[in-house]
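Following: one structure in structure tokens, then a few remarks.
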Amino acid sequence: MNKAELIDVLTQKLGSDRRQATAAVENVVDTIVRAVHKGDSVTITGFGVFEQRRRAARVARNPRTGETVKVKPTSVPAFRPGAQFKAVVSGAQRLPAEGPAVKRGVGASAAKKVAKKAPAKKATKAAKKAATKAPARKAATKAPAKKAATKAPAKKAVKATKSPAKKVTKAVKKTAVKASVRKAATKAPAKKAAAKRPATKAPAKKATARRGRK
């Protein structure tokens, strides 16, 4: 769409003649150009912002020769599209069949409300999850500490002390039994020796008896 076509469409929408539509378009463009030239910005809510941007000095290259060329600092006109304009072009917002395509304070306010509500809900949910998980972790860390500090080592220590005592008493009993057995073994040969000695004396009596008979 060029300027002439724009004027034709504007003439139909306004229901006026072509001269008035042409004057309206030219006055709008003239006002924007003069404001941006001064350094001001022209904001049309929902549509966009016309502004001036400052570019610093830089080094560029000539595309034909390839030589480096120094570019002086300059000012460049720029246009930033508005939120509603972007939404309509991207398809996020429906374009109405009749009436203005961009309304003042409709798309922008709705977008801001959605942006504010969504992070708030996520933050509250994250805070609740953190609050519920934190005590559980503390309890999990405390419970093993108590068990390890009081019950488990005490039982093991008692068992460790009792079992050697039993083993020692058993060992003492075994040694006592062995000692008594050894004493009995040493005493038994003495009796045998005592029994054998009278056996040697018996033949002497027999000899004396034989002598008396003779």
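A Cβ is built for glycine as well, from the same backbone N, Cα and C atoms used for every other residue.
Feature annotation from Swiss-Prot assigns N6-acetyllysine to Lys3 (among others). Taken residue by residue with DSSP, Lys3 (N6-acetyllysine) is part of a helix.
Annotated phosphothreonine per Swiss-Prot: Thr43 (among others), in sequence order. Other Cβ atoms within 10 Å of the Cβ of Thr43 (phosphothreonine), summed over all protein chains shown, number 13.
The secondary structure of Thr45 (phosphothreonine), as reduced to three states from DSSP, is coil rather than helix or strand. Sequence annotations record features per position, and here Swiss-Prot assigns phosphothreonine to Thr45 (among others) based on a curator's inference.
Taken from Swiss-Prot, the feature N6-acetyllysine applies to Lys72 (among others). A 10 Å cutoff on Cβ-Cβ distances gives Lys72 (N6-acetyllysine) a total of 8 other Cβ atoms nearby, all chains included. DSSP assigns Lys72 (N6-acetyllysine) to coil in the three-state reduction, placing it in neither a helix nor a strand.
All protein chains shown were included, and the count of other CB atoms within 10 Å of the CB of Lys86 (N6-acetyllysine) stands at 15. Lys86 (N6-acetyllysine) falls within a helix when secondary structure is assigned with DSSP. Summarising the annotation, Swiss-Prot assigns N6-acetyllysine to Lys86 (among others).
Among the features that Swiss-Prot reports, region 'Disordered' is placed at 100-214.
Taken from Swiss-Prot, the feature compositional bias 'Low complexity' applies to 102-112.
Neighbour list (Lys103 (N6-acetyllysine), Cβ cut-off 8 Å, at least 6 residues apart, same chain): Gly46, Gln84. Per Swiss-Prot, the feature N6-acetyllysine maps to Lys103 (among others).
Residues annotated as N6-succinyllysine in Swiss-Prot, with experimental evidence given as evidence: Lys113 (among others).
The compositional bias 'Basic residues' annotation in Swiss-Prot covers 113-214.
The annotation N6-acetyllysine is assigned in Swiss-Prot to Lys116 (among others) on the grounds of experimental evidence.
Among the features that Swiss-Prot reports, N6-acetyllysine is placed at Lys133 (among others), with the record citing experimental evidence.
What Swiss-Prot lists as N6-succinyllysine is Lys142 (among others), and the listing cites experimental evidence.
Summarising the annotation, Swiss-Prot assigns N6-acetyllysine to Lys146 (among others).
The annotation N6-acetyllysine is assigned in Swiss-Prot to Lys167 (among others) on the grounds of experimental evidence.
Thr43 (phosphothreonine) has Lys86 as its nearest neighbour among the modified residues Lys3, Lys72, Lys86, going by CA to CA distance. The two recorded residues, Thr45 (phosphothreonine) and Lys86 (N6-acetyllysine), have Cα atoms 12 Å apart. The Cβ of Lys3 (N6-acetyllysine) lies under 8 Å from the Cβ of Val25, each of these being in the same chain and 6 or more residues away along the sequence. Its Cβ placed at the centre, Thr45 (phosphothreonine) has 16 other Cβ atoms within 10 Å.
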